[in-house]
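Summarising the annotation, Swiss-Prot assigns signal peptide to 1-15. Marked as N-palmitoyl cysteine by Swiss-Prot: C16. According to Swiss-Prot, the feature S-diacylglycerol cysteine maps to C16. If you look up Swiss-Prot, you'll see 53-85 marked as region 'Disordered'. As annotated by Swiss-Prot, Ca(2+) binding site applies to E126, with the evidence given as a large-scale study or a structure entry.
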Amino acid sequence: MKTVALILASLALLACTAESGVDFDKTLTHPNGLVVERPVGFDARRSAEGFRFDEGGKLRNPRQLEVQRQDAPPPPDLASRRLGDGEARYKVEEDDGGSAGSEYRLWAAKPAGARWIVVSASEQSEDGEPTFALAWALLERARLQ
C-alpha cells in the first residue's frame with residue numbers, strides 16, 4: 001500500500017512539473033546576496049542589482065526577464081497574489097504591440113527580510129494577458145543569502 005501511494009505521489013509531482021513547463025539548470029549568486037536559478041534556454045547576464053535573462057534561439061517573440069534586489073518597498077496600491085508560503089505584490093501593464101500582438105509587462109515583488117526581490121518580465125501575446133508562469137516561478141525560487 002505504501003508503494004502504491006509513493007508511486008501516485010511521484011506521478012502527481014511529475015504532472016505538476018510537466019504542466020508548468022518551467023525548468024531551471026543553474027544557480028546564480030550575485031555579489032549583493034541575490035540567489036536565482038537560470039531558466040533552461042535563457043542567457044543570463046549580471047546587472048548592478050541582479051540578473052537579466054534573455055530567451056535564446058531564433059524566436060519571433062523572445063521573452064526577457066530581470067530579477068533584482070531592491071531596498072525600497074513597492075507601492076501599496078498594487079495587487080497581491082499568494083506565492084509559495086508568502087505573498088507577492090504585482091502589476092501588469094499592456095501596450096499596443098505589432099504583428100505579434102500586445103506587449104504585456106509584469107512587475108512583481110516579494111519580501112525578503114527588510115528588502116525585496118523584484119521580477120520584471122515582458123511578453124507579447126495575440127491571445128490576451130499571458131500567465132507569466134516563468135516569471136512567477138523565478139520569483140518564487142529567488143532568495144537572499
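Note that the numbers count up from 1, one per residue, in the order the chain is shown.
Glycine too: its Cβ is placed from the backbone N, Cα and C atoms.
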Return the residues near E126 (Ca(2+) binding site) by Cβ distance under 8 Å, restricted to its own chain and a separation of at least 6 in sequence.
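When sequence neighbours closer than 6 are ignored, E126 (Ca(2+) binding site) has A100, G101, S102 within Cβ distance under 8 Å.
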I'd like the per-state residue tally for the region 'Disordered' (53-85) from DSSP, helix first, then strand, then coil.
0 helix, 15 strand, 18 coil
Determine, from DSSP, whether the residue listed as 'Ca(2+) binding site' sits in helix, strand or coil.
coil
